[in-house]
Amino acid sequence: MAAAVAAAAAVRSRILQVSSKVNSTWYPASSFSSSSVPTVKLFIDGKFVESKSDKWIDIHNPATNEVVGRVPQSTKAEMEAAVAACKRAFPAWADTSILSRQQVLLRYQQLIKENLKEIARLITLEQGKTLADAEGDVFRGLQVVEHACSVTSLMLGETMPSITKDMDLYSYRLPLGVCAGIAPFNFPAMIPLWMFPMAMVCGNTFLMKPSERVPGATMLLAKLLQDSGAPDGTLNIIHGQHEAVNFICDHPDIKAISFVGSNQAGEYIFERGSRNGKRVQANMGAKNHGVVMPDANKENTLNQLVGAAFGAAGQRCMALSTAVLVGEAKKWLPELVERAKNLRVNAGDQPGADLGPLITPQAKERVCNLIDSGAKEGASILLDGRKIKVKGYENGNFVGPTIISNVKPSMTCYKEEIFGPVLVVLETETLDEAIKIVNDNPYGNGTAIFTTNGAIARKYAHMVDVGQVGVNVPIPVPLPMFSFTGSRSSFRGDTNFYGKQGIQFYTQLKTITSQWKEEDATLSSPAVVMPTMGR
């Protein structure tokens, strides 16, 4: 009992520390007592406002399952007000010079740097990942903001002078209007930062719906954007679940939707949003394979497999959840298990923690059930993390590193995205067999090959039907000057996130054919035939 009281007190202390730092905007420290918990605000037209909803969702610290806050399911009126604020702000923001919009983002990236550790602490409190991993979450999002500051180069149009005498042809990119983003729980800072900074620097206004499980980081990011000089109404934030998603998919004033999350939700949003005439980009699930050749650097490969499989407790869409050991590389399996055993499982804010808890008890149960299915279907559990107990955090959603071998492509633990600290291991005799396994899997988010042979690496990179390939790089998430190019069942849409494709998604082309005659003359008679542009 005493331990439980102490743990609860520690959680309250962390809430109050974070609250005071962010001026009690959405976690008002003064309202926290033994009978109440902080409430997350809405952000509408430049103001953080308390929701009038009668439906609220508890936010839990995954390490303790202690309630640390409550987030509203926004009412229809509140969601309408948020879109209306976006719509009102759009004309002036779109007409704001591109240099002025760039200056807002330049100030914004500096404020994110200055507040990076505070954002990371909020992430760890609500999501559970280690503080170091949470800082990486913020940093990878910050890189996209920094890239968005290059908008003056990214939004260049095209020209073709003198297509005929006195006639020029040119195009430029224009914002769409009101855009919306629906973010997942696993990257509370990075994914929102993939969305609204890119959209807004192009001249759009933005409606953001963070995950109801981890809203705090997005709210702090909104405050920092406001402090950077973004006009009221250019970014608005609502909260909720299914009703909020349907609202975004159906609202006629929303022109484009960015989504990251599960396949079930992504397919639904893509179909419903597209049916309503919206652009939709949806990053979804994955089953990322790491193919290990026997000539690979053994030390580096084993360390990279362990880090990429179990970091963030496997709750990454780019987690390396499947290892394919080719030929003699299968002899490395015992050493792989020993390295995974050495990882330290603890609450994310504890020193030395390598991985924290899963997001919810339901997520833990699902992961454990998938491990069970492997054993029942004939696989071997070489390392079992199902019964791990973390001292002082016995109520947390912890699963330790788990390695399942003798896995076949027909097994449930292989076919489903586990989204937990579980590595499934398959074995093949040849590279061609490994390539077939990867290509037969429906997902196409990421893959990696570990080898010291350049010809093998090139063959693999060219033959696998996967959008992002790493060569001795286990998690090949592109830097933002490129784009996140997941494919097949991992993505729906025509245009990917950030980079050049991100600019294309959030803009539309306008093409202008202009004629200014050299002589000051007028037509002597109407031209009634089809223009041939001088040909």
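Just so it is clear, glycine is given a Cβ too, placed from its N, Cα and C backbone atoms.
Taken from Swiss-Prot, the feature transit peptide applies to 1-32.
Over all protein chains present, the Cβ of Lys55 (N6-acetyllysine) has 12 other Cβ atoms lying within 10 Å. Annotation source Swiss-Prot lists N6-acetyllysine at Lys55 (among others), citing similarity to another entry.
Under the heading N6-acetyllysine, Swiss-Prot lists Lys76 (among others). Within its own chain, Lys76 (N6-acetyllysine) has Glu243, Phe247 as residues 6 or more apart in sequence whose C-beta sits under 8 angstroms from its own.
In the three-state DSSP assignment, the secondary structure recorded for Lys76 (N6-acetyllysine) is helix. Summarising the annotation, Swiss-Prot assigns N6-succinyllysine to Lys76 (among others) and lists similarity to another entry as the type of evidence.
DSSP classifies Lys117 (N6-succinyllysine) as helix under the three-state reduction. As annotated by Swiss-Prot, N6-succinyllysine applies to Lys117 (among others), with the evidence given as similarity to another entry.
Long-range Cβ contacts of Lys117 (N6-succinyllysine) within its own chain (separation 6+, distance under 8 Å): Glu135. What Swiss-Prot records for Lys117 (among others) is N6-acetyllysine, and it gives similarity to another entry as the kind of evidence.
Residue density at Lys129 (N6-succinyllysine): 29 other Cβ atoms are found within 10 A of its Cβ, drawing on all protein chains shown. Residues or ranges marked as N6-succinyllysine by Swiss-Prot: Lys129 (among others).
Classification of Lys129 (N6-succinyllysine) by DSSP places it in coil, neither helical nor stranded. If you look up Swiss-Prot, you'll see Lys129 (among others) marked as N6-acetyllysine, on the strength of similarity to another entry.
The Cβ of Phe185 (NAD(+) binding site) has 21 other Cβ atoms within 10 Å, all protein chains considered. The NAD(+) binding site feature in Swiss-Prot is assigned to Ala183, Phe185, Lys209, Glu212, Arg213, Ser262, Glu417; the stated evidence is similarity to another entry.
Annotation for Lys298 (N6-acetyllysine): spatial neighbours Trp332, Glu335, criterion Cβ-Cβ under 8 Å with sequence separation of six or more. Summarising the annotation, Swiss-Prot assigns N6-acetyllysine to Lys298 (among others).
Here the Cβ of Cys317 (active site, nucleophile) has 25 other Cβ atoms within 10 Å, regardless of which shown protein chain they belong to. If you look up Swiss-Prot, you'll see Cys317 marked as active site, nucleophile, on the strength of sequence analysis.
Note on Lys364 (N6-succinyllysine): other Cβ atoms within 10 Å of its Cβ, all shown chains, come to 20. Residues or ranges marked as N6-succinyllysine in Swiss-Prot (evidence: similarity to another entry): Lys364 (among others).
The N6-acetyllysine feature in Swiss-Prot is assigned to Lys364 (among others).
The N6-acetyllysine feature in Swiss-Prot is assigned to Lys376 (among others). Counting every protein chain shown, the Cβ of Lys376 (N6-acetyllysine) has 11 other Cβ atoms within 10 Å.
Lys500 (N6-acetyllysine) carries a helical DSSP state (H, G or I). The N6-acetyllysine annotation in Swiss-Prot covers Lys500 (among others) and rests on similarity to another entry.
Ser262 (NAD(+) binding site) is surrounded by 15 other CB atoms, counting those within 10 A of its CB over all protein chains shown.
Counting every protein chain shown, 20 other Cβ atoms lie within 10 Å of the Cβ of Arg213 (NAD(+) binding site). Phe185 (NAD(+) binding site) carries neither a helix nor a strand DSSP state and counts as coil. For the modified residues Lys55, Lys129, Lys364, Lys376, a Cα-Cα cutoff of 10 angstroms around Ser262 (NAD(+) binding site) retains nothing.
In this structure, Lys500 is the one among the recorded positions Lys209, Lys500 with the smallest number of other Cβ atoms inside 10 Å of its Cβ.
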